[in-house]
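Structure record follows, encoded as structure tokens.
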Amino acid sequence: MSGIQVLLVAGTHGNEINAPWLFEQWKQKDSLINTHNINIQTVIGNPVALEQGKRYVDRDLNRSFRKDLLLSSDLNAAEHFRALELVSEYGPNGNNPCQIAIDFHSTTSSMGSSLVVYGRRPADLAIVSLIQNHLGLPIYLHEGDNAQSGFLVESWPCGFVVEVGPVPQGLLHFQIINQTLLTLDSCLKEISNVINSKTVYPEQLIVHRHLKNIDFPRDSSGVPSSLVHKDIQGRDWYPIKNGHPLFESLSGDLTLLLEGGLEEEFVPVFINEAAYAEKNIAMSLTKKEMWDVQKDWINDLSKLLNP
């Protein structure tokens, strides 16, 4: 067995209960999941929030891993201390160091199974290209959004998020569990292939690059004055063009997409995600792009997993 360790995180948000439930079943029956001969560490990201059945206690744990927050001694939120605990125990220089972190989430949006990467770290892009090639999952590349930062997986040399939906918060769902299992198996299989030099990389990677967040239209008191338009509700990953309706009020007033040229396509994701209401995000707008898989991506991942 390789000395490489992979950290699997569930329950980073305490009201996303499917992956934590799956981890508990795995603990009771270790043959449930094929580890592909990889050293695995599993952890509940925010156990207190999970016990309380809410997204977080004091602040979003998945926005609490900024370096300035981790280095600060003047913080008192429960999630600040939890972020420090996780990095101290499982970070690359921790007591039980892991090289890759995979953070399992669920979403109320119709995202299906998808992967999320933050920025353009070569090793991240290499591993998700393999998983996409195996399962065909869409990839959301989140970058250039200073208001949303400090994500858990960024504290590890390589890491990404698995999102599965739609499912209401706090609800166990058979299909969500199955999709999570399928994606987890693919993740571990592809990591094992890299470690054992059995990898065949695709020529290209398809990403949906983050452009901007879009809020609901609001009235003078800050209350949403329109609803997500019926033609895009539940249609994450479907392209739309300039002039397409995004929102509609009860009186029929439309808010249109006014972005780019007339024929340019954009792809909305995380449409009407319940957890993002507090962040004033009704959806995120992305641009679908096809990138050639680069040698430096492959080399970085190989060096990380075969030191």
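Glycine is no exception: its Cβ is also placed from the backbone N, Cα and C atoms.
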Can you match one of H36, H80, H105 to the Zn(2+) site that Swiss-Prot gives for H13, E16? H105
Would you count the other CB atoms within 10 A of the CB of R55 (substrate binding site), including those on all shown protein chains? 20
Residues within 8 Å of the H13, E16, H105 Cβ centre (excluding the Zn(2+) site residues themselves): G11, T12, G14, N15, A19, R55, N62, F104, S106, T107, A275
H13 (Zn(2+) binding site): secondary structure state under DSSP, collapsed to three categories: coil
Residue pair E163 (substrate binding site), E16 (Zn(2+) binding site) - Cα distance, angstrom, rounded: 11
Calculate the distance in Å between the alpha carbons (Cα) of R63 (substrate binding site) and H13 (Zn(2+) binding site), and round it to a whole number. 11
